[in-house]
């Protein structure tokens, strides 16, 4: 039976996370189902940014001793509990591309080049493969691709140094079994670097409990750090003293203010810092991570799945009658998004929805992605978004005037 | 004859750059002579940051199509004229450490590893050596050091692939002859990467006119982009299609939104981008660069030198009587700072000055640095700073109560 508006409102009345919505600054008239691309703005982030802006004006260079310099490790420790990591295991720094390069280089250095292949996955967000390719070209290592749907075990041999995998797939939202895969890779003597771009802040992540040594991720999606907010990098405590990472800048030096002539890596996670970072980029993220510390991640996961299922339940009959393929994995194997394919008109449908203020996103060919962010989406929001989706598809509005507004909204 | 306050005020009355001071938000009661470390805040930067903050709230993911995504190249083109570069030759991205890695890797790739030595300079800001060391360890290349005061010609041979040199030395402020050195290095078949951290925005820089192919720099010192604002990277038009840079992220891809499986470098300067950048970090820098477009760089250089000389002229007799060594190079060979050494009490003198609101900085052993930023320092400011310096030294105030405030101001 298709859920009613009243049933959605009833879920909101019993939602333990309902209070968080007021902590976000959301534009009027928008139903935002693209928090998997760029997260909404916490109200506290606005104030934090203004404070750092004033700190620059008033304190000038002294600001570096007033919290700017050690932001990468302070924010890392704030973030760690969301990832199942401990203090000193996470640093907020650079972006995913650069953090992958650091970890790949670190693993190769720690293995003393005994292995020569980097494996990354095809069909996922390609930047992880791009940086693996750049590193391989630069070092003479070999880059191999695990094809989408391929069995990882078939691609692991004694030459594989490291594998880069996403915990949640950016297109389909498929969730991998991190613990089992980590065990498999490590049995073969290789290392795996997990990309948490679509899982950090979307669900509980248990790096320590899954035997994970290396991970990277971003903070601008589910973690609401702001557009292009700094990335993060995790290294298990037991694996932090194995060598150098190649991007050896002064902020990763053991004594950065001694200005010694030779590089010596800092102890622990700090060696994964590079050079000077933007204090303004860290300010809103710190405010957001403080908000996230209040979140019950079990409740978050429950609501995330419930929102996605509500959206699907509202539209199942429509999908069948209108030739829309729902490629979202089963509940136990999904992240926090619903993925739908309409090969012919997927792009136009997303545009028509945007024209109505329902923001999802489109990835060729044919894929419509809708992300569910439990802190600032209510059940009613999702019900209304589904209603708009139905109206757009049933009336074929996507073929009409909405297309005229495309240039204004994309 | 020691300059009088009246003579300083007269210089201010005839200063063609005097109008810029009101464009900066400066704290009350501070004489800021550390703009060579972190530049002061342009008033327009405050507004620009607030606008981008609101754009995140209101436009959400659409902001990437409203100026965020192409900020690296747009700001690069804004910056180019200050560096003697043309459109499409500069990109604003990452930081100096990462940009050096990109350019070193690019040069090595373009030379097909025919050469095996990276040369960097000793005694200068060490991050440039650190990243050269990291790259060499990672690739099996050899790192060599040009000792401070050594003759570069003695260190160039057919094995040297690239040299990293600062145009202006961070401690002494010594200015190198960029054109002559570039010619020397290129005659030997090597490449030189210029670090412009202490010259961009401090004086006119003429990359094209000096035959320079590669340069990096930062924007948070003389260019007032904000704490840890993004770095920049310059590659001459004729040298932009020679290979890959190793940090090959999706923003440097020829078609970043096609999500192709394989990396293909973007044409031109765009291949030197890496992954997703912070839109908030770029906003104040863009406002500052627009202000900089109004600046007559010849007038800036003249005032920069005049401010430094005024400071020295006010204190020459004191230096002699109090054992303070002025290691500032002659006018034609200096950047925009004065460098003084008091081996025993340099640190305490700088702290006593800070307690009076006169901000310079200290670098062990014994070095006191004072930076002169013509857009927001008046001649009277510099005269007053010199007066404070004299009082602190003559009264030996630095041995007394000022030390008690050390923890509050450093």
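Cβ atoms here come from the backbone N, Cα and C positions, even for glycine.
What you see is a predicted model, and the numbers here were worked out from it, not measured in a lab.
Residues or ranges marked as pyridoxal 5'-phosphate binding site in TrEMBL: B:96, B:97, B:125, B:126, B:127, B:128, B:195, B:198, B:220, B:250, B:276. Annotation source TrEMBL lists N6-(pyridoxal phosphate)lysine at B:221.
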* Asked: Just the number: how many Å between the Cα atoms of residue B:276 (pyridoxal 5'-phosphate binding site) and residue B:221 (N6-(pyridoxal phosphate)lysine)?
  -> 23
* Asked: Checking B:127, B:195, B:220, B:221 - which of these recorded positions have a CB within less than 8 A of a chain A CB?
  -> B:127, B:220
* Asked: Where residue B:96 (pyridoxal 5'-phosphate binding site) and residue B:221 (N6-(pyridoxal phosphate)lysine) are concerned, what is their Cα separation in Å, rounded?
  -> 13
* Structure fact -> Reading the DSSP string in three states, the entry for residue B:195 (pyridoxal 5'-phosphate binding site) is strand
* To do: Determine, to the nearest whole angstrom, how far the Cα atom of residue B:125 (pyridoxal 5'-phosphate binding site) is from the Cα atom of the residue listed as 'N6-(pyridoxal phosphate)lysine'.
  => 14
* Number of other Cβ atoms within 10 Å of the Cβ of residue B:125 (pyridoxal 5'-phosphate binding site) across all protein chains -> 19
* Asked: In angstrom units, rounded to an integer, how far apart are the Cα atoms of residue B:195 (pyridoxal 5'-phosphate binding site) and residue B:221 (N6-(pyridoxal phosphate)lysine)?
  -> 13
* **Position of peak Cβ density within 10 Å, selected from the binding-site residues B:127, B:276** => B:127
* Secondary structure at residue B:220 (pyridoxal 5'-phosphate binding site), reduced by DSSP to three states -> coil
